[in-house]
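Listed features, source TrEMBL:
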SITE      R23  site 'Transition state stabilizer'
ACT_SITE  Y28  active site, proton acceptor
BINDING   N79, H85, D92, I106, S107, R116  substrate binding site
ACT_SITE  H105  active site, proton donor
Amino acid sequence: MDSSDGRTILVVNGPNLNLLGTREPATYGSATLADVERDAEAAATRHGVACRFVQSNHVGELIDAIHEARDDCSGIVINAGGYTHTSVALRDAIAAVALPTIEVHISNVHKREDFRHHSYLSAVCEAVIVGAGIHGYVLAIDHLAQRLSEQS
Ligand SMILES: O=C1C[C@@](O)(C(=O)O)C[C@@H](O)[C@@H]1O
């Protein structure tokens, strides 16, 4: 077994997050999805845990990845993009797998349009990190890793 000792965190990015870096930079900054994944990987490595990444623009693919996390993951970090505000099915998937899940948003959704103020996911997530930019993913990994180390 590697240094992650079987502890893997699934990092899920939803629709349009593949366009980070060019998409509405005034709102989301200039970092790319590759930058997000590099920082998350580095944070995980610092804690001796592993990461698996998925990005999809299709809700079914996100749900399948969440279901598969039951097999080998100890937690989930998810930025569901616009599905956050629309998808009961995604919420049900998170509730179904019952893994500790952290919801992340790069922007402070509460400073934005009213339709972004409601999340279908928050009530089934352990914590929500909004408005910290891409550092939010690192904060989420730090939190999950600490939680895992307290369990072991
Ligand atoms: O796609 C996104 C990105 C987002 O999740 C964020 O990271 O700030 C906020 C959502 O409202 C939006 O639809």
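Cβ atoms are placed via backbone N, Cα and C, with glycine included.
In this structure, R116 is the one among the recorded positions H105, R116 with the smallest number of other Cβ atoms inside 10 Å of its Cβ. Taking a Cβ cut-off of under 6 Å from any atom of ligand 1, the recorded positions R23, N79, D92 reduce to N79. Local packing around the binding-site residues N79, S107 was summarised as the count of other Cβ atoms within 10 Å of each Cβ; on this measure the leading residue is N79. Here I106 (substrate binding site) is positioned 6 angstrom away from the residue listed as 'active site, proton acceptor', judged by their C-alpha atoms. Put simply, H105 (active site, proton donor) is 19 Å from D92 (substrate binding site) when counted between their Cα atoms.
In terms of Cα distance, the recorded positions that sit within 10 Å of H105 (active site, proton donor) are N79, chosen from R23, N79, H85. Each residue contributes its Cα atom, and for S107 (substrate binding site) and R23 (site 'Transition state stabilizer') these two points are 12 Å apart. With respect to their backbone Cα atoms, N79 (substrate binding site) and R23 (site 'Transition state stabilizer') stand 15 Å from each other.
Neighbour count (other Cβ atoms within 10 Å of the Cβ, all protein chains): 14 for D92 (substrate binding site).
Straight-line distance linking the Cα atoms of I106 (substrate binding site) and R23 (site 'Transition state stabilizer'), rounded to a whole number, equals 12 Å. You'll find the Cα of H85 (substrate binding site) roughly 19 Å from the Cα of R23 (site 'Transition state stabilizer').
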